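According to Swiss-Prot:
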type	residues	note
BINDING	66, 68, 236, 311	Zn(2+) binding site
BINDING	66, 68, 236, 311	Fe(3+) binding site
BINDING	75, 138, 171, 239, 316	4-imidazolone-5-propanoate binding site
BINDING	138, 313, 315	N-formimidoyl-L-glutamate binding site
């Protein structure tokens, strides 16, 4: 069934630019975009329905390409500790941080994890998100990682959004493997990943390359195991120190390397050559009160696509608004509003391997878009909060109206 969506303007995000169409018309056919362009150039046709968007601005549906939205408990107590001067690394060394969330997640039932995740994802979806990634990594044993990934699959079935699942079993060292990181990585590679892949629970594989997590050599073992299973990889890299994990990610044609505050010019060059997306996470930077900025100019010089994500997690970025991350990416990291919007649409789609179907308003792609009550696209990165979406459309069907 063809529908004609009219009386609007569009920022299509073709090629990562605004690519604005004034007085636009968008035609959908079933779940897909059939045509988009100026009203004056609309081809003749019959339409089952004509929808008046009342002068709204259209953008692609927003994509949150890095979240840890499934977890037990919360870490508001650690938030207080950090404000008193205790560092993230000190909290982790004392058994807090990821380890405390692992305990709570292992204890939670699948139904409890599902209910709590739905509650925290609802604000993101009402904010215009139509696709997102959710990582495991708070189970750190086969049963608990499988539990998390089953919840993620169920969220994909229940939510009006595309949900990609990423196995992050190499997130931290579980207590039962204390002092035996190599043994745990072996367990991840030979037992956890193959079992989860066999169950069809994994779309991609991630790891945390950092002094307080896993070394580049250990991460490479995970990447090799993922490659043998036919799974793409991504990496938490260069958040707290420089281990050149982003160069390692590029060597394995990773979908993305994320955080990147301590990446070097050499790392940026490698990522640009490999086509690996840089996922910027300003929420974690802000909450940890970091001072070292990702090298945005180096990423620009080497043509690295930059995505922006919420990093929704209980410890370092309890962020429930992707639009707030747009403002932070501009204000803290000095992205332009155009770069930031591309970062939560086309480049975020690339970071999830979804660019063929998501991320821009083009014929043949899914009709996932948002109608905003704004006067120009830069407002999406300008306003701090507020209910801007007028309508959220997924697969040409309205899923939210403001």
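For all residues, glycine too, the Cβ spot is worked out from N, Cα and C.
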Least surrounded among the binding-site residues, given as 66, 68, 75, 171, 236, when other CB atoms within 10 Å are counted: 75
C-beta crowding around residue 311 (Zn(2+) binding site), within 10 angstroms: 28
Cα distance (Å, whole number) from residue 239 (4-imidazolone-5-propanoate binding site) to residue 311 (Zn(2+) binding site): 13
Non-site residues, in chain order, whose CB comes within 8 A of the mean position of the CB atoms of 66, 68, 236, 311 at Zn(2+): 67, 135, 258, 259, 279, 281, 284, 309, 312, 313, 317
Near-site residues: N-formimidoyl-L-glutamate, ref 138, 313, 315, CB cutoff 8 A to centroid: 68, 71, 75, 98, 101, 137, 314, 316
Residue 68 (Zn(2+) binding site) as reference: those binding-site residues from 75, 138, 171, 239 with C-alpha within 10 Å of it: 138
For residue 313 (N-formimidoyl-L-glutamate binding site), the one of 66, 171, 239 that lies nearest, given that the binding-site residues are compared by Cα: 66
Max pairwise CA distance, angstrom, over record-listed N-formimidoyl-L-glutamate binders 138, 313, 315: 12
Distance in Å spanning the most remote Cα pair of 75, 138, 171, 239, 316, given for 4-imidazolone-5-propanoate: 20
Listed binding-site residues among 66, 236, 315 whose Cα sits within 10 Å of residue 171 (4-imidazolone-5-propanoate binding site): 236
